[in-house]
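*Asks:* I am attaching a structure below and will ask some questions about it afterwards.
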Amino acid sequence: MKFLLAFSLLIPSVVFASSSKFQQVEQDVKAIEVSLSARIGVSVLDTQNGEYWDYNGNQRFPLTSTFKTIACAKLLYDAEQGKVNPNSTVEIKKADLVTYSPVIEKQVGQAITLDDACFATMTTSDNTAANIILSAVGGPKGVTDFLRQIGDKETRLDRIEPDLNEGKLGDLRDTTTPKAIASTLNQLLFGSTLSEASQKKLESWMVNNQVTGNLLRSVLPVKWSIADRSGAGGFGARSITAIVWSEEKKTIIVSIYLAQTEASMAERNDAIVKIGRSIFEVYTSQSR
């Protein structure tokens, strides 16, 4: 599978969707905000026609594990520039293990390639694997500098796992906006930052995500496909960023962020499902 190339569209050149088209989506999001006493941000970018819609798209939300796509994109970029060898290995030490490392915790005393570390963190959200990648790409600062280089002036990474998931209200560290992350994903997967081979690798890691089956994938329209990366953190943070495309190659970029809620994980997951279903309805109803 190969993504539609999106005509090199970036957020500054998009056309804002009519309010009526996403009226039901907005109503659904607002209702969920009230029911969960949450703060929610959503963005949708149609890469076929540049149409864009958001709800609280410029508000900041905790990145949580959605940063992992950017960190691994930075690794791919650095490899293309000859700055790092993705096949180089790192010894796994017990002292380096952090919370939630389902792959790496079984490999203490062994070595792992950077490429395999990206596969682990992108498909299982392994946090120690993410820290291994961060160490290889210049740490949080290296990721933030990379973001600025490709035109993202909002998204920032300041800490490593697991501290970056703290999620305090008003803390600018380790945050993004729904609008900024959509633009960045568009650039990384469809722009000129990465080679086609690197884009395909990044895409495959997202397609093979093993931890999002109960989120957008559970309400994906028939004959549609998805590549995604989710996250969760303190103070009710829950998030997902996704590239979704139809059999006709119609491709949309979706970002959903929740924060500042006491809702359970199950309730937050259900919120993402409901928002996703509402968004998908906009596009499937057009083809009926």
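From the backbone N, Cα and C atoms, a Cβ is placed for every residue, glycine too.
According to Swiss-Prot, the feature signal peptide maps to 1-17, an assignment based on sequence analysis. Swiss-Prot lists S65 with the feature active site, acyl-ester intermediate. Annotated disulfide bond per Swiss-Prot: C72-C118, in sequence order, evidence recorded as sequence analysis. According to Swiss-Prot, the substrate binding site annotation covers R229, S230, G231, on the basis of similarity to another entry.
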*Asks:* Who sits close to R229 (substrate binding site): which same-chain residues at least 6 apart have their Cβ under 8 Å from its Cβ?
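*Replies:* Same-chain residues close to R229 (substrate binding site) (Cβ under 8 Å, separated by 6 or more) are S65, T66, K68, T69, M122, M206, N209, T212, I240, T241, A242.
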*Asks:* If you count other C-beta atoms within 10 angstroms, which of the disulfide-bonded residues C72, C118 is the most crowded?
*Replies:* C72
*Asks:* Within the same chain, and leaving aside R229, S230, G231, name every residue whose CB is within 8 angstroms of the centroid of the CB atoms belonging to the recorded substrate site, in sequence order.
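*Replies:* These residues sit around the substrate site: T64, S65, T66, K68, S125, V211, T212, D228, A232, S239, I240, T241.
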*Asks:* List the Cα distance (Å, whole number) between G231 (substrate binding site) and C72 (disulfide bond).
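*Replies:* Pair distance, Cα basis, whole Å: 15 Å.
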*Asks:* Validating a neighbour-count step here. Other CB atoms within 10 A of the CB of G231 (substrate binding site): how many?
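*Replies:* Here the count is 23.
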*Asks:* Just jot down the residues in the same chain as S230 (substrate binding site), at least 6 apart in sequence, with C-beta under 8 A of its C-beta; none if empty.
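*Replies:* Those within reach of S230 (substrate binding site), by Cβ under 8 Å and sequence separation of 6 or more, are S65, T66, S125, N209, V211, T212, L215, R238, S239, I240, T241.
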